[in-house]
Amino acid sequence: MNLSFFDQFSSPSLLGIPLILISMTFPALLLPSMTNRWVTNRLSTLQLWLINLITKQLMTPLNKKGHKWALILTSLMIFLLLINLLGLLPYTFTPTTQLSMNLALAFPLWLATLLTGLRNQPSTSLGHLLPEGTPTLLIPALILIETTSLLIRPLALGVRLTANLTAGHLLIQLISTATVALSTTMPAVSLLTLLILFLLTLLEVAVAMIQAYVFVLLLSLYLQENI
């Protein structure tokens, strides 16, 4: 029984071919295509307004040098948002529940922000490892602690996204299993669990959007420290 709950997090395959790539590229079909018109339809207008709003929110803590990252950060935000929401549909797979994928997204971008700081302002970037006014006896310990916290950032990004989505999907499956099991024996309790399942689904929609935003926002904050 426990293994069946976690089967939803294994990548589905067809004829031995993993379908994770298809599930990752499918959200791109939802984005508006290039056109020479100012306004095409209401859906495209809403999408462009949302992209503009997300870009403004992500670029607010950054200066003009950091605005070069607008395209990659906004694209990552939209990508994570669509994939997280796609995984809430029935008979779908959520790639962001895989820790390997989240680390593959977090580690290169975190490393890029770190290398940007070391290239442009090495003294300031290294200065974050030792706060000003630190007692002499605490200098080795603080440098070790700050270095560990710096190196653990990509792991924290990946684990945070994976844990939140995995916990939500497990709760949805547990409550839906209880709803089906109680439908024949206790219909009133089954309706109550169905209501809880509906509210939990709405909560998971919010979690999917918030976690995508937090993932990219933390990357922009890491970038702010290094520019």
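Using the three backbone atoms N, Cα and C, a Cβ is placed for every residue, glycine included.
Nobody curates TrEMBL annotations by hand; they come from automatic prediction.
Taken from TrEMBL, the feature transmembrane segment covers 12-31 (among others).
The transmembrane segment annotation in TrEMBL covers 69-89 (among others).
Marked as transmembrane segment by TrEMBL: 138-159 (among others). Counting residues 6+ beyond its ends, the transmembrane segment (138-159) has Cβ neighbours under 8 Å at 99, 102-103, 105-107, 110-111, 114, 128-131, 215, 218-219, 222 in the same chain.
The transmembrane segment annotation in TrEMBL covers 171-199 (among others).
Tertiary neighbourhood of the transmembrane segment (205-223): same-chain residues 54, 57-59, 61-62, 66, 69, 73, 76-77, 80-81, 84-85, 87-88, 105-106, 109-110, 113-114, 116, 153, 157, 160-161, 164-165, 168, selected by CB-CB distance under 8 Å and a gap of 6+ residues from either end. The transmembrane segment annotation in TrEMBL covers 205-223 (among others).
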